[in-house]
Every structure is written in C-alpha cells, then in structure tokens.
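Enquirer: I am attaching a structure below and will ask some questions about it afterwards.
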Amino acid sequence: MKVLWAALLVTFLAGCQAKVEQAVEPEPEPELRQQAEWQSGQPWELALGRFWDYLRWVQTLSEQVQEELLSSQVTQELTALMDETMKELKAYRSELEEQLTPVAEETRARLSKELQAAQARLGADMEDVRGRLVQYRGEVQAMLGQSTEELRARLASHLRKLRKRLLRDADDLQKRLAVYQAGAREGAERGVSAIRERLGPLVEQGRVRAATVGSLAGQPLQERAQAWGERLRARMEEVGGRTRDRLDEVKEQVAEVRAKLEEQAQQIRLQAEAFQARLKSWFEPLVEDMQRQWAGLVEKVQAAVGTSAAPVPSDNH
C-alpha cells in the first residue's frame, strides 16, 4: 500500500512540474532583443552581426571550439570579421562626412569627434575579445596535461562581460551614427537653399544681359536668349526637386550651369563687339568723305576770297 501511495505521489509531482514547464516559455535573451533593435541592415551592422554570431559560437566552448582555440583558427576568423566590420564602418562614415559638407564647421567637427571616439571604443572591444582568446590559448598550452576546467570557467565569464560591453558600445555607435545622418540630411537641405539663393541672381543677370544686348544684335538673338533662360529656369527647378537625395549631382549641375552662363555671356559680348565693328565700318567711309568735301569747300572759299581782295589797276599816268 505504501508503494502504491509513493507511486501516485511521484506521478502527481511529475504532472505538476510538466504543467509549470509548459506554462513558462523561455523569453529571448535581453542581449538578443537589444541586438535586433540596433541592427537596421547597414553593411557595417551586418558585418558586426557576423562577428557577434561567431563570438556566441565561441562562447559555447564546445569540443570543436576548444580544439580550434588551441590553434590559430578562431583568432584568424575573428581578425577577418573585425577587419570587415571596421572597413564597412569607415566607408559608411566617409559617406556621411561627404553629406555633412554644408553643415557648419564647428558642428561637423564635434560630430566627427564623437563618432570617432565611439568607433574607437567598438574597435577596442573587438580587440579585447581577440586578445583574451589568445591569452586563453597560451594558458591552456602551458597547462598541457592538466585540468583546464577553471580556465574555461574564467574565459566564459570574461566573454560574457565582453559581449555585454560590445553590445553596449555598438548600440552607442549606432545612435551617434543616426545623429550624424540627421545632421547630414539637415545640411543637405540647407545646401539646396543656399544653391538656389546663389544661382537666382546669376540666372536673372543672364536674362537681363540677353535682353539688353539682344536688342542691338537683332530680335532672333533675343528670342534665343529668352528661350535659353526659360529652359535654364525649368532645369534648375527640376534639379532643386531632386537635390535632397542627390547632392553630389546638384554640385556637378551647378558647375555646368555656371559654365553655360559664362559661355552665353561671352557669345553675347562677341556679338555686340561684332555689331559695333559693323557700325564703325558703315560710318567711317561716310565721315571721311564728308571731311574731304569740307576741305575742298574751304579751299574754294579761300581762293574766291583771295581773288576778290586783289587791287584794281589805275588808268591815270
């Protein structure tokens, strides 16, 4: 009878434990939730994610991990992942710095300094992970033939701390990059406004010159200049609408517009000079002929005056 009661009690307790285990589902690790928040798909973040996944695998300290830790396989893999991450991060940072050109120098310098410090912290964290694994390999090789259980426990504890610090610094870097990107977007918008303000007077000046000189050179030239001015204004409006996303393209188009304005102004000046030369060639012969006729008339008048002034001979002797 006691055996039966004992069997029933064990069965009851086992059923209760099974219900408790089914009711409590494991929640994802806080680190995994935080990692998912800052990974937005940028190339440097994807590279850092590969480094992170490899570090999680190393932290399991499985038999395969322990075998590869005794060689240089793990450190070589980590080095390659570190280099890839820093390369992608540097490229992304350079891209943002190019977009920050219209921003004030003081603001750009401050953002660059903060981002550089955050990037250095992340690189130092990754370097600490690699250095700790190299140290572990040396310690294990020194204790060859002895128990390394204590070394593995210390390594596991240290790797957990390094992972937390790495995740914290990666999150900080991602936030600073977001601020950096917001500054670049704001600078691009300011740059568009500044470009429009600078080009507006140039376009208007070109239109006025075309109207003034074209009235001398002829009506067709004026019509061509006005049509070109209309096309230029339409082109500038089209460029202004797309500048926010393609600031580099706007810079190239600005240079092209300025070159066209200078070329058109030069052509107008040359046409005005040619017109002036034609006018001069028309009137110079007429002026010279008038001068010759005037000189001949003066000579005739002088001759006539001289003849009338001569003395008349007397008849008395």
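Backbone N, Cα and C atoms are what each Cβ position is placed from, and that goes for glycine too.
Source: prediction; values computed, not measured.
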Enquirer: Given 44-56, 57-69, 278-290, which one carries Swiss-Prot's region 'Specificity for association with VLDL' label?
Expert: 278-290
Enquirer: Hey, what's the Cβ neighbour count for G229 (heparin binding site) at 10 Å?
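Expert: Result for G229 (heparin binding site): 18 neighbouring Cβ atoms inside 10 Å.
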Enquirer: How many helix, strand and coil residues does the repeat '3' (124-145) contain under DSSP?
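Expert: Output for the repeat '3' (124-145) reads 19 helix, 0 strand, 3 coil.
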Enquirer: Taking the Cβ of S147 (phosphoserine) as centre, how many other Cβ atoms lie within 10 Å?
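Expert: 8, counting other Cβ atoms within 10 Å of S147 (phosphoserine).
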Enquirer: CB neighbours of M143 (methionine sulfoxide) within 10 A?
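Expert: Its Cβ has 12 other Cβ atoms within 10 Å.
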Enquirer: Relative to the Cα of S147 (phosphoserine), which of the binding-site residues L162, K164, G229, R235 has the closest Cα?
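Expert: Spatially nearest to S147 (phosphoserine) by Cα position is L162.
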Enquirer: Going by DSSP, how much of the repeat '4' (146-167) is helix, how much is strand and how much is coil, in residues?
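Expert: Grouping H, G, I as helix and E, B as strand yields 19 helix, 0 strand, 3 coil.
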